[in-house]
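Q: For reference, TrEMBL lists these features for the protein:
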type     : residues : note
DOMAIN   : 48-525   : domain 'Major facilitator superfamily (MFS) profile'
TRANSMEM : 45-61    : transmembrane segment
TRANSMEM : 123-143  : transmembrane segment
TRANSMEM : 155-171  : transmembrane segment
TRANSMEM : 177-201  : transmembrane segment
TRANSMEM : 213-231  : transmembrane segment
TRANSMEM : 246-267  : transmembrane segment
TRANSMEM : 333-355  : transmembrane segment
TRANSMEM : 370-391  : transmembrane segment
TRANSMEM : 400-419  : transmembrane segment
TRANSMEM : 431-452  : transmembrane segment
TRANSMEM : 473-495  : transmembrane segment
TRANSMEM : 501-521  : transmembrane segment
Amino acid sequence: MNPAYMPLRQDDDAAFTNDSIDGSAASTPLTSATMKNTTLGKIRAYWLGCVVCIGGFLFGYDSGIPQPKLLSIPLHHQHRQEADTPAHLGVPGLTRIPRVGGVLTLSSYIHDYRYSTQHKTRVNSLAVGLQQAGAFAACFVIWPVTNRIGRKKSLILSSAIFCIGAIIQTINTHSLAAFYVGRIIAGVGLGAASVVVPMFSSEMTPKEYRGQIGSFFQWFYTFGIFTSYWIDYAVTKKVASVPKQWQIPIGLQLVPAALLGIGMFTLKESTRWLTKKGRHEEAWESLKWIRAGDSQAVVDEMEEIRTGAEMEQRATEGFQLKELLERDNFKRIFTAVAVFTAQQATGATAFAYFGPQYFKLLVGGGDKDLLLTAIFGAIKVVACGFFVLFLSERVGRRQVLIWGAAFMAACQITTAAVVKHKPPPGNGSVTSSGIATVALIYMFVIAYNLSWGPLPWPYVSEIFPTRIREPGIAVGVSSQWLFNFVFSLTTPYMIANMGWGTFLLWGLFDAVIAIVTFFFLRETKGLSLEEIAHNDFGQVGDFKDIDQGRIDAK
């Protein structure tokens, strides 16, 4: 152990008071030298972010696999489409249109698993729903597991579980039941990783880069779903209708899953988890590794981490679930659930799943919706990348979320008004109103990927003290999976029955989100996890403004 870092003396009771952690410890800011003076430390922090956020890529790639090629045509278009619907489909208002994504509706897959075209929608719904059910359940199973075995081993376990599920899906069993079992198992791996990744990232990343590296999860997610779309499209065009046509895109899931598991062996265990478990020597080695040094700033950071962890453990011995209902803890739990629910309620997830159907509402018939959806996917990647690389640590979380929701509301409500008064023509011709609405939707997705797309992941991972971080993040992420399922299930019916009203509904949701964020969300930018944990979460605004003189926020 570095001699400059000595264990706290048992008689140093003053070190464990709120005044100590909020005053003396926090009044000596962790200087930027913690990272900025060491290039190696910065490289290691980014490497950690890239490795763990392979889980985000996996999430995105797996989400893109079951998207249907059988597109639902809104009711006001059915009179144009029913005459063209192939009789063998037997589903009014549906037409067979090749699209980017949708491996489960390839003719080779249908042949191997022996189900009729009438059952396509049910097969796709089960493939999506069962995976999300597995992920939802895993959120609650993984938090006691990661508390016991640590973050590294939990992610290795998540990777292994997902690989098992992917292998079952890839094997040509000719049994939909077996395929569904594989989807559930893969969902368990995904759900577990989606909880542990933001937890591990926030605990190891310096506060100067926590928002940026924490946002990698969403950026990698956009890469994953974009990649899956085009791999599905490529095998449709280039591979004959044989089993390998669907086995290639499904089997390729094993690559990022394996990389996630293998990559974990290049990282150290979480400093804060090791400290919480009393393994102080290992915690010190972990912090020295990720910061690439043992300067006084690193020693001070280690002292702050240990002081915070011991103070939390002394407060109440023996964690009980009822602690989550305590005033301050419940506010943090409620905030995590609200943030992830709001992320899904923006409408962006619905666009990711059902882009072609939405674009048909804007531009009418033809195949322009396919190209527009592909461009939509590319814009997501570029916009999220721009945020991660250039904005994530230059702006506060709260203001970005407020303005992002407000701008999205304006885009969606304006789109609804234009589509209502200038509906697309039935002949598929391009109109100025169609171009305008497509531009509005592209601006909407840019705003989402500059705000509500990437920020919920680092924000939720920041707001919990070490003592309840595992269950807190688990509950928050579970709400993400729950409402992902709800909106993916209900969106096709919304499009079919509401038409332009769907855009209005998303716009109203976004407006409410902006208002609620303004009145209730706290700022966390530039603060250590200990500073966030040991201050009242009930007041609105910036910690720096509320606790002036107690916290030296960046």
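Cβ coordinates are placed from backbone N, Cα and C, and glycine is handled just like the others.
All annotation found in TrEMBL is predicted automatically rather than curated by experts.
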Q: For the transmembrane segment (333-355) and the transmembrane segment (431-452), does the number of C-beta pairs under 8 Å, pairs 6 or more apart in sequence, reach 3 or more?
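A: In contact, yes.
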Q: Mind pulling out the one from 177-201, 213-231, 370-391, 431-452, 473-495 with the most Cβ pairs under 8 angstroms to the transmembrane segment (501-521)?
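A: If we count Cβ pairs closer than 8 Å to the transmembrane segment (501-521), 473-495 scores highest.
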Q: Check the transmembrane segment (246-267) against the transmembrane segment (213-231) for contact, please; criterion is three or more CB pairs under 8 Å, pairs 6 or more apart in sequence.
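A: They are in contact.
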Q: Let me know the model's mean pLDDT on the domain 'Major facilitator superfamily (MFS) profile' (48-525).
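A: Average per-residue pLDDT within the domain 'Major facilitator superfamily (MFS) profile' (48-525): 85.
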Q: What residues elsewhere in the chain lie close to the transmembrane segment (123-143), defined as a C-beta under 8 angstroms and at least 6 residues from its ends?
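A: That would be 62, 65-68, 70, 102, 104-105, 113, 115, 154, 158, 176, 179-180, 183-192, 194-196, 470-471, 473-475, 477-478, 481-482, 484-485, 488-489.
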